[in-house]
Amino acid sequence: MIAQATSVVAVILFIALFREQLSLSERLLIIVASSIVLTVCDTFQSTSYKASTNSMVAAEHRQKLVAYEQLTDAGAVILAPILGGLLAGVVAISNIALLELAGESVVLLAIALLDFHLISVEVEAISDSLILSIKNGLEYFKNDRYLMELLLFAVIANFALSGLEVSLPIAMMKELGIPANLYGLADSFFAGGMLLVSLLLGSFKMPKNYLLTTGRIGIILAGDFIILALASLCPNKLLATGIFSIGMLVVGACLAAVNLPYAMYVRTKVPVNLQGRVGATTSSVVAVLSPLGYALFGLVLGQVKPVWSLMMSAIIIFADGLRLLLSTSRVNSSI
């Protein structure tokens, strides 16, 4: 509630300040500052909301909730740049901010009417200091081997995926000479895969063995990377574009499917008072290796063709998925 109210105030201040006769640098400063405030508020709100779902949603409906959350995220990925591009050309930024204010105000009203205790859940009162709270959150992560295995998979897979992001445009546009519009079409299938699987996951129950499920998805993703690597050698541009499109559809589907086991485990197994800390720790750790992945695969592409960098990503993800499959029985027996 406080975070959303802060977002509303931030947008109001942006509108008030942006109408003044300011220099370009001052306007850019206002835009950056407002973006930071809104991002922080959205992150805080998202974390709080996810930690509250145990008391708002019955256990049998939580998988469907997570699937629909992913569906919403995928829809936003598709629609946001399209709407932004359309509005930016015909609507002044101050008027776009007014639309943002209207949306933020509606959300604030919805939060005010939301019942956060629809289902009774016992939660211990927290009186720890901030430093002790962080320490306890990290300690929980360290002691939960199941959660640690899922996190390790996410970190390694995210590192390998940076190879795809670096290699794909070079393979399609530079090596094969595929036009930018066809590359954009193939890349858009990624969000389509996320949308499709998120819809399906809202209707089907996921197996309870999250490690086994995640490991299998990792193996499928590795196979898809091999197909993408081989497609970079295809001399027919239209055929290569078709293969890349289907490959990106599978990548999006696998990522949507692999996110669900982790999200479900955190929502159902991690204590409510630690879920926010665990989520923030996960995001930070996963994000750490992304710049390293971009740098490493960028260096690799300076020495070899994209087919080999994509093969390298495939090997990393295959080893990651296989490791998880082999550790499943050991970790399950220790719980």
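Positions of Cβ are set from backbone N, Cα and C atoms, glycine also.
When the ranges 7-26, 307-326 are checked against TrEMBL, the one recorded as transmembrane segment is 307-326. Contact between the transmembrane segment (239-266) and the transmembrane segment (307-326) is not supported, since fewer than 3 Cβ pairs fall under 8 Å when only residues 6 or more apart in sequence are counted. Taking every listed stretch (28-44, 214-233, 307-326) in turn, the largest tally of C-beta pairs under 8 A with the transmembrane segment (146-170) is reached by 307-326. Nonlocal intrachain contacts for the transmembrane segment (307-326), taken as residues 6+ away from its ends with a CB within less than 8 angstroms of a stretch CB, comprise 149, 153, 156-157, 159-161, 163-164, 166-168, 171, 211-212, 214-219, 221-223, 225-226, 228-230, 232-233, 297, 300-301.
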